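> To start, I am sharing the structure in question, which I have written as structure tokens.
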Amino acid sequence: MDFTNLKNTDPELLDMIKKEEERQEYNIELIASENFTSLSVMEAMGSLLTNKYAEGYPHKRYYGGCEFVDEVEDLARERLKKLFVAEHANVQPHSGSQANMAVYMSVLQTGDTILGMDLSHGGHLTHGSPVNFSGKLYNFISYGVDKETETIDYDQLKKIALENRPKMIVSGASAYPRIIDFEKIREICDEIDAYMMVDMAHIAGLVATGIHPSPVPYADFVTTTTHKTLRGPRGGAILCKEKYAKAVDKAIFPGIQGGPLMHTIAAKAVCFGEALREDYKEYMQQVVKNTKVLGEELKNYGFRLISGGTDNHLLLIDLTNKNITGKDAEKLLDSVGITVNKNTIPFETLSPFITSGIRIGTPAVTTRGFKEEEMKKIAYFMNYSIEHREENLSQIKEQIKEICKKYPLHQNA
């Protein structure tokens, strides 16, 4: 990007941006929730739309001069509805967390009981963690995975639902590598007359391309972020049945937000447009191929994968048999140029600041053009670094840098 003005006005900040640019360029990015946006997305984000206040919704604003940003928001909403075949879309949430908060506030009262996936089993902070607003404002109870299969225990979920009769069941996850059976969860919701909400932030790209079954036909509400597999700007969105549209919109504004970020909404429109193209489907198919190959190679090196493998874009790895914690593995791999995050595993025995595992994903490296052969090399680099962690790993770091040079960010720019 052109930083001519920033170079003159704030070289100190520009230096920080340049260092981050270099880190992204020469590191293998395996954090499952991260991706690289297109230059088009960044151009929209950096546009003068950031100057415009637009409280309210298209054609019902509290400010004048909104006729063109109305067009932008309408375009984003229509593209999102088309992408997921949804009845209503709200593109104003600043984040996935705020999208979730708005759904809760739209139909529930403070203190209502909600059933969500346990954070340590793969859920999310906003699905009831006691340190999060969700756990503080609502009476969350949790379901998890089966100890043997490490996949969602739907029998346990149903049993807990029947015993506690929550007002809402939340599904979706931040560290779950398998297909989620939304139809089965809908049946449980119907049995207890509960709302069904799905947080598809991680798998939105897989859903959009038909690789993962869509929650939209089953759920009353579907929330997502726009910056993970959707490869857009950092932000959130909500899909819902038309009958909940007014309640959801009111929960966002004036409920929990003021003016929407019109430059971000424009960038969301760009990414939704990109996701509607055929090449995006090919990209998502390659993401899954890459993840499966990476998983199999890691298994060949003796790594234990939670649930034995993956159906989506991520892998959850138990490092116990490698005699290294998630925290130490994250630091070690970062030192050679592989970025991962420490992660709790089901039935975790260590602190969430230490963890027994790491979570990795392939959306970002697949965006760069990495394919199956590169996945085999990544598995080798990870295994070698962990097995030889007391040795000098400078040669591994150099090999990683050379691979990154072969697949530059925005190579077609």
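Every residue, even glycine, has its Cβ placed from backbone N, Cα and C.
The (6S)-5,6,7,8-tetrahydrofolate binding site annotation in Swiss-Prot covers L119, G123, H124, L125, S351, P352, F353. Under the heading site 'Plays an important role in substrate specificity', Swiss-Prot lists H227. The N6-(pyridoxal phosphate)lysine annotation in Swiss-Prot covers K228.
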> Give the sequence-ordered list of residues that share a chain with F353 ((6S)-5,6,7,8-tetrahydrofolate binding site), lie 6 or more positions from it, and have CB atoms under 8 Å from its CB.
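Spatial neighbours, sequence-distant, of F353 ((6S)-5,6,7,8-tetrahydrofolate binding site): K327.
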> If you count other CB atoms within 10 A of each CB, which of G123, P352 wins among these binding-site residues?
G123
> Please report how many Å separate the Cα atom of L125 ((6S)-5,6,7,8-tetrahydrofolate binding site) from that of the residue listed as 'N6-(pyridoxal phosphate)lysine', as a whole number.
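Roughly 17 Å, rounded to the nearest whole number.
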> What residue among the binding-site residues L119, L125 has the most other CB atoms lying within 10 A of its CB?
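Per the Cβ count within 10 Å, the most buried is L119.
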> How big is the Cα-to-Cα gap, in Å, between P352 ((6S)-5,6,7,8-tetrahydrofolate binding site) and H227 (site 'Plays an important role in substrate specificity')?
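Rounded to a whole number, the Cα-Cα distance is 24 Å.
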> Which residues does H124 ((6S)-5,6,7,8-tetrahydrofolate binding site) neighbour through Cβ under 8 Å, counting only same-chain ones at least six apart?
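In sequence order, the residues whose Cβ lies under 8 Å from that of H124 ((6S)-5,6,7,8-tetrahydrofolate binding site) (at least 6 apart) are N100, M117, G172, A173, S174, D199, A201.
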> Taking the Cβ of S351 ((6S)-5,6,7,8-tetrahydrofolate binding site) as the centre, how many other Cβ atoms fall within a 10 Å radius?
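Excluding its own Cβ, S351 ((6S)-5,6,7,8-tetrahydrofolate binding site) sees 10 Cβ atoms within 10 Å.
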> Taking the Cβ of each of the recorded positions and counting other Cβ atoms inside 10 Å, which one has the highest number: H227, K228?
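Comparing the recorded positions H227, K228, the most crowded Cβ belongs to K228.
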> What does DSSP call the residue listed as 'N6-(pyridoxal phosphate)lysine' in the simple three-state scheme?
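Once the DSSP labels are grouped into three classes, the residue listed as 'N6-(pyridoxal phosphate)lysine' ends up as coil.
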> Going by C-alpha positions, which of the binding-site residues (L119, G123, S351) is nearest H227 (site 'Plays an important role in substrate specificity')?
G123
> Which whole-number value in Å describes the distance between the Cα atoms of G123 ((6S)-5,6,7,8-tetrahydrofolate binding site) and K228 (N6-(pyridoxal phosphate)lysine)?
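With distance taken Cα to Cα, K228 (N6-(pyridoxal phosphate)lysine) is 16 Å from G123 ((6S)-5,6,7,8-tetrahydrofolate binding site).
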